[in-house]
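Asks: Here's the feature list from TrEMBL:
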BINDING   Gly123, His124, Ile125  (6S)-5,6,7,8-tetrahydrofolate binding site
DOMAIN    7-383  domain 'Serine hydroxymethyltransferase-like'
MOD_RES   Lys228  N6-(pyridoxal phosphate)lysine
Amino acid sequence: MPYDLLTSTDNAIGDAIEREHQLQRRNLMMIASENEASDAVKRAQGTMLTNRNALGYPDSRLYPGSQHIDEIESLAIAYAEELWSAEHVNVQPHSGSLANLAVYLAVLNPGDKILALDPQDGGHITHGSDHHVSGELYDTEFYHLDPESGAIDYRSLEERADRIDPDLIISGYSTYPREIDWQRIQAIANRTNAYHLADIAHLSGLIAAGRFPSPVGIADFCTSSTYKTIRAGRGGMILCDHAYAEAVDNALFPMLQGGATMSNIAGKAIGFAEARTDAFKTYIDQVIANARTLSEALVERGLEIFTGGTDTHIVLIDLRHADEGRSGRDVEHALEKAGIIANRVSLPHTQHATNTDGIRLGTTSITANGLETRHMEHVADFIARAIENVTNDSALETISQEITEFTETAYHPSP
Ligand SMILES: *Cc1c(COP(=O)(O)O)cnc(C)c1O
């Protein structure tokens, strides 16, 4: 009963948190933009630090009594600078979205031009989409994926860059399972004299472990969330060279945010400290091995995988050629009933009216809970059976019970 205190304060909240705990233990949590933070990270987030209003940066706070919070933030920064070989890191963004906005505020003027991947193809909402303030403030043009291979269409990127002369090019994506040629994008940015932001929200853990090419030192700015492949709890960060440090820091505070969330910064510091260990490299290797094995096992069961496989933690089931009644939305619902939590995504050249033709699976959380390569056959079976039985509620209920039993024996949550 880890939530006793909460339940005695407010039954409804305490109970709901307890049920959420059970949900995460009894289902296959496969949302690729989530992960499970360690107990140490969760512990760091629930301390006296939440009492502080940390306005300003270490050694230049607006309030006295800040020596310990300064030390914590300075350590988070030092660990991050070492992990990603960055000259300067700001660990204060409350989220990856605000990290992106701070970069825009640091170097763009309203009306400036952004060139980013089309949200339909897996670009992030904060990359100049209509539904985000970046789309209101800046003039955005989109580049695309090659609809056949699923790879970034570097030619379409180059052609658009030459045509519109952008002020900022954004790389880094939410649903892209393949390697990214950062140098090639940087070369295009150089030709048109544009800044280059690499949004590594999904990739920062893979990069910290040395298992994915790093854009740090290539792109002008890198931004990331801190709770996806890097397991450091909710939040964001910005990485850049010394030359941009002051502009970035000022754009984040005081222009965009108020006081820093010290409890989350302590979580980041602990998560970054964990990422410096060999155990973290082993974890990331297992995440990628699990994704590859899962992808192959799904192909064996007759499913199509977008780009044919993966270099990351992401596996995309391609439903563009699936029957009517098996759109991304239909399949997402069926998987949820079966105890597999994964979200629908859009893919290039949509076929279904619901505009979602893909299911994005991520192996970060299930790997954090101890699943290994040998378990991926079972996971693939559960997924393939749920998709086969998309409208058969009793079959989905059976799978859900099997998954509860499976997690009871196979899950060994890391401390
Ligand atoms: C997850 C993500 C973000 C940040 O999301 P927040 O919820 O704001 O932390 C930013 N960019 C990309 C590409 C992402 O996938």
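Cβ from N, Cα, C; glycine included.
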Asks: Only counting partners 6 or more residues apart, tell me which same-chain residues put their Cβ under 8 Å from the Cβ of Lys228 (N6-(pyridoxal phosphate)lysine).
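Replies: Spatial neighbours, sequence-distant, of Lys228 (N6-(pyridoxal phosphate)lysine): Ala32, Ser33, Glu34, Asn35, Ala201, His202, Ser204, Gly205, Thr364.
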Asks: Less than 6 Å between Cβ and the nearest atom of ligand 1 is the rule; apply it to the binding-site residues Gly123, His124, Ile125.
Replies: His124
Asks: What does DSSP say about Ile125 ((6S)-5,6,7,8-tetrahydrofolate binding site): helix, strand or coil?
Replies: coil
Asks: Over the span of the domain 'Serine hydroxymethyltransferase-like' (7-383), how high is the average pLDDT in this prediction?
Replies: 96
Asks: Report the residues of the chain - excluding Gly123, His124, Ile125 - with C-beta within 8 Å of the mean position of the site's C-beta atoms, for the recorded (6S)-5,6,7,8-tetrahydrofolate site, in sequence order.
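Replies: Leaving out the recorded residues gives Ala116, Leu117, Pro119, Gly122, Thr126, His127, Ser129, His132, Tyr173, Ser174.
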Asks: Note down the number of other Cβ atoms within 10 Å of the Cβ of His124 ((6S)-5,6,7,8-tetrahydrofolate binding site), including every protein chain shown.
Replies: 24
Asks: Including all protein chains shown, what's the count of other C-beta atoms within 10 A of the C-beta of Ile125 ((6S)-5,6,7,8-tetrahydrofolate binding site)?
Replies: 15
Asks: If you draw a 10 Å sphere on the Cβ of Gly123 ((6S)-5,6,7,8-tetrahydrofolate binding site), how many other Cβ atoms land inside?
Replies: 26
